[in-house]
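Participant: Take a look at this one; I'll ask things after.
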Amino acid sequence: MRSTFLFAFALLAHYTQASLFGGTKPAAKDQALDDVIEEGWEHVTSGSTIKLAHVKSDSRLVLPQVSYGTGSQQQAVTAHADASSTKNFWLVDSDSPRGTAIACGEQIRLVNSDSSHNLHSHSNHKSPISGAQEVSGFDGRDSGDLWTVECLKDKKAWKRLEPVYFKHVETGWYLQSLPSKKYRQPIVGHQEVSAAKKPDSNAQWMALEGYYFSARTSQAKKD
């Protein structure tokens, strides 16, 4: 986890515009990440578009727009180290008003901003490498797109830069990526993303870069 925080710190130190990171400010050397985010912008909010880092492997959740050759034959979802890709932005879609902090225990959809596919899972297909539960990008919309945000600590809302779990509502399994399970052609180096019956360190994700909304900016736009 330490390497993930160091990598995130380096990125935040170079990109300080509120338009990109939402409430970030210039970072001093060795400054704690929590101090880089301004007050009022600490949480992941409804309507924000973010990148999700797999904590264990320093990779990003991505939809490379390659279809599975087996299982559902829907779009593959992977984790990859390239943080600059446009295919790893995800819209946080919830029933809450835009700018509202996502509560721990709240159900959300994660919609890939490049393709509009929903992060999806289902019990009737296995992932191609590990044989766990398949996770895919789905171009429709149904209950298989819903995920519950589970906070690791005693928090009321999903906080940026802190690990969380995503529990699939329909099956009860957890979004994970196994660093040792990697694809070959045509997506060399991409890690398989699947769902596991129980959460562990392979199932921890963290909100890093993104276009964030806060409650105050959303209210200002209404006014």
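Yeah, the Cβs are placed from backbone N, Cα and C, and that goes for glycine too.
Here TrEMBL flags 41-95, 99-152 as domain 'MIR'. Under the heading region 'Disordered', TrEMBL lists 115-135. According to TrEMBL, the feature signal peptide maps to 1-18.
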Participant: So which residues does the region 'Disordered' (115-135) touch in its own chain, when a touch means Cβ under 8 Å and the partner is 6 or more beyond its ends?
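Facilitator: Answer is 61, 63, 65, 68-72, 74-75, 77, 87, 90, 109, 141, 144-145, 147, 168, 170-171, 173, 175-176, 178, 181-183, 192-196.
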Participant: DSSP-wise, what's the residue breakdown of the domain 'MIR' (41-95) into helix, strand and coil?
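Facilitator: The breakdown for the domain 'MIR' (41-95) reads 3 helix, 22 strand, 30 coil.
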Participant: Roughly where does the domain 'MIR' (99-152) sit in mean pLDDT, to the nearest integer?
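Facilitator: 97, rounded to a whole number.
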